[in-house]
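Structure first, then comments.
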Amino acid sequence: MFRKKKKKRPEISAPQNFQHRVHTSFDPKEGKFVGLPPQWQNILDTLRRPKPVVDPSRITRVQLQPMKTVVRGSTMPMDGYISGLLNDIQKLSVISSNTLRGRSPTSRRRAQSLGLLGDEHWATDPDMYLQSPQSERTDPHGLYLSCNGGTPAGHKQMPWPEPQSPRVLPNGLAAKAQSLGPAEFQGASQRCLQLGACLQSSPPGASPPTGTNRRGMKAAKHGSEEARPQSCLVGSATGRPGGEGSPSPKTRESSLKRRLFRSMFLSTAATAPPSSSKPGPPPQSKPNSSFRPPQKDNPPSLVAKAQSLPSDQPVGTFSPLTTSDTSSPQKSLRTAPATGQLPGRSSPAGSPRTWHAQISTSNLYLPQDPTVAKGALAGEDTGVVTHEQFKAALRMVVDQGDPRLLLDSYVKIGEGSTGIVCLAREKHSGRQVAVKMMDLRKQQRRELLFNEVVIMRDYQHFNVVEMYKSYLVGEELWVLMEFLQGGALTDIVSQVRLNEEQIATVCEAVLQALAYLHAQGVIHRDIKSDSILLTLDGRVKLSDFGFCAQISKDVPKRKSLVGTPYWMAPEVISRSLYATEVDIWSLGIMVIEMVDGEPPYFSDSPVQAMKRLRDSPPPKLKNSHKVSPVLRDFLERMLVRDPQERATAQELLDHPFLLQTGLPECLVPLIQLYRKQTSTC
């Protein structure tokens with residue numbers, strides 16, 4: 001009577017109006033699934049492709065720019081801080097946009113970044129895999145060093161003394177330094193004589209030591225222009241390998257001048273008004289339309305002379321403030337060993353350019369007592385741009401608003417090295433757009449996110465993917481681009497073979513885009529079939545600008561290890577100075593990809609392939625007997641080891657092979673064939 005009544009089971013009806021639209025099966029011959037939904041198929045395809053790499057330990061350094069002083073800290077409020085930092089951000093170029101990191105990352109962060117490179121081999125020093133007898137180079141002291149940082153040839157291995165940790169100048173000194181001319185320096189020299197004790201004191205904002213960092217010790221021992229300093233270690237004069245004798249009177253005089261100049265920095269910072277730390281607008285660099293700037297000798301400057309001085313810091317060996325991916329004329333010791341100026345550009349002694357070069361290369365780090373430095377270990381990242389500061393800088397570049405209010409029907413269609421790509425629909429127009437979503441916290445180098453916005457916004461071309469808008473959504477950067485339904489060229493070359501008319505059509509479109517970008521001083525640095533997208537009517541467009549760089553007359557070369565291993569040019573792998581010629585080499589590898597179905601050495605590991613590309617003769621076609629002599633000549637003009645002998649994009653547009661170029665419609669059958677092969681069974 002009092003028993004609990006059982007609940008009546010709900011009745012669940014069968015599916016209504018059910019339609020079997022997707023049928024997935026496994027093809028044992030091909031060893032893959034067929035009939036997968038498009039978003040699943042795209043994810044599987046992209047996971048199999050090699051990812052681009054950025055070696056954080058090999059980042060090109062640049063000279064000091066005014067805005068970087070503010071990045072290292074300011075006494076102004078946050079709003080004024082960001083406004084002063086980016087008052088001219090709308091005209092920001094990639095040269096300056098890549099410089100928002102305050103200083104070199106710590107060893108822990110470098111190790112984490114290396115673990116993100118997409119291959120287990122990159123967890124260790126890449127140099128140990130790329131060592132070869134030809135890879136020896138000299139340090140500023142004339143010692144030959146191998147790529148893996150071994151013992152200098154011709155010298156006994158000597159114990160490396162405990163290095164002294166650096167300290168960073170107070171805020172506003174760089175801006176103050178730029179306003180100082182030769183006359184002011186001479187007038188302040190007497191005042192600086194009374195401040196010698198400042199060289200031994202430690203300011204509150206001391207930079208953290210990394211004396212226990214083995215990788216940092218290795219970088220300090222290297223002294224190579226290609227390697228970004230692994231730490232900010234500064235050794236004493238007696239700690240250099242080779243044990244030089246006592247300095248000459250002229251050397252001591254130059255060293256004293258440099259120390260007096262540093263002392264003046266400390267004294268002027270204590271009395272400088274707050275307004276002196278606010279930088280002016282960042283210098284605007286005009287794009288460089290010349291591929292190879294002329295080289296000529298210049299009279300040696302003070303910076304070049306300082307290379308051989310036994311001072312407390314080897315000038316030009318360490319980057320004072322930035323880890324940006326731009327090359328500095330002061331670091332180009334091979335092309336201009338006796339000058340501290342840009343090759344082919346002379347500046348009179350004492351000119352603002354010369355003084356700026358001296359300041360940026362030698363006068364920003366001071367030695368510090370190791371016992372004091374150990375106490376600053378807790379505040380290790382005080383000089384690094386915070387996440388909120390970086391977001392504020394990025395917010396000044398992107399469009400305002402929330403794209404989630406404008407878009408709907410998100411479908412993930414791909415995944416890359418920097419983020420995911422979704423297909424979405426605009427609510428007001430119904431147009432389909434591709435949305436690239438990149439998490440700011442998961443980037444190998446977050447500064448490169450500016451490239452996604454700045455390059456595609458400023459350089460529009462018929463053969464370049466159009467960017468509609470960019471937004472900052474929470475912790476992600478969203479870039480809205482046109483959606484090309486034909487897919488990537490990779491999908492086609494991996495399934496079918498292209499005839500020479502189709503190869504010429506693709507090459508002509510890519511060369512048109514590269515000729516335009518190179519004339520503007522833009523290096524793509526990741527040319528491959530994955531970066532070439534197609535429309536349904538056969539038009540070819542270049543995409544993926546996340547790893548590009550910009551050169552100019554002031555920054556004519558780059559030297560960072562950036563790109564996808566199998567498509568990298570030899571000069572990129574060997575960390576030599578390079579310019580737009582690296583894109584031509586990568587295009588040549590892509591031509592091999594269109595003929596053979598895959599790039600050379602694709603069965604090797606990425607590191608092994610890079611070693612072969614660096615040390616071996618240019619790769620050849622597997623099916624060279626199937627191509628015409630004019631195509632072979634076209635390919636040989638691109639795959640030349642010497643960048644100076646390699647053809648430019650404009651020269652290749654005049655090559656006879658491109659006379660076979662057809663209309664975009666000639667690529668439509670390839671797109672349709674691929675879509676048919678991947679359609680539902």
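In case you wondered, yes, glycine gets a Cβ from its N, Cα and C as well.
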Check Swiss-Prot for me: it has Ile413, Gly414, Glu415, Gly416, Ser417, Thr418, Gly419, Ile420, Val421 binding ATP, so pick out which one of Lys391, Lys436 it puts in that same site.
Lys436
By DSSP, how many residues in the domain 'CRIB' (12-25) are helix, how many strand, and how many coil?
0 helix, 1 strand, 13 coil
Including all protein chains shown, what's the count of other C-beta atoms within 10 A of the C-beta of Glu415 (ATP binding site)?
15
What whole-number Å value do you get for the CA-CA distance of Ile413 (ATP binding site) and Ser560 (phosphoserine)?
31
Per DSSP, three-state class assigned to Ser560 (phosphoserine):
coil
Check the DSSP secondary structure of Ser417 (ATP binding site), expressed as helix, strand or coil.
coil
Alpha-carbon distance [Asp526 (active site, proton acceptor); Glu415 (ATP binding site)] in Å:
16
What whole-number Å value do you get for the CA-CA distance of Ser417 (ATP binding site) and Ser560 (phosphoserine)?
18
Return the maximum Cα to Cα distance in Å (whole number) over the record's ATP-binding residues: Ile413, Gly414, Glu415, Gly416, Ser417, Thr418, Gly419, Ile420, Val421, Lys436.
14
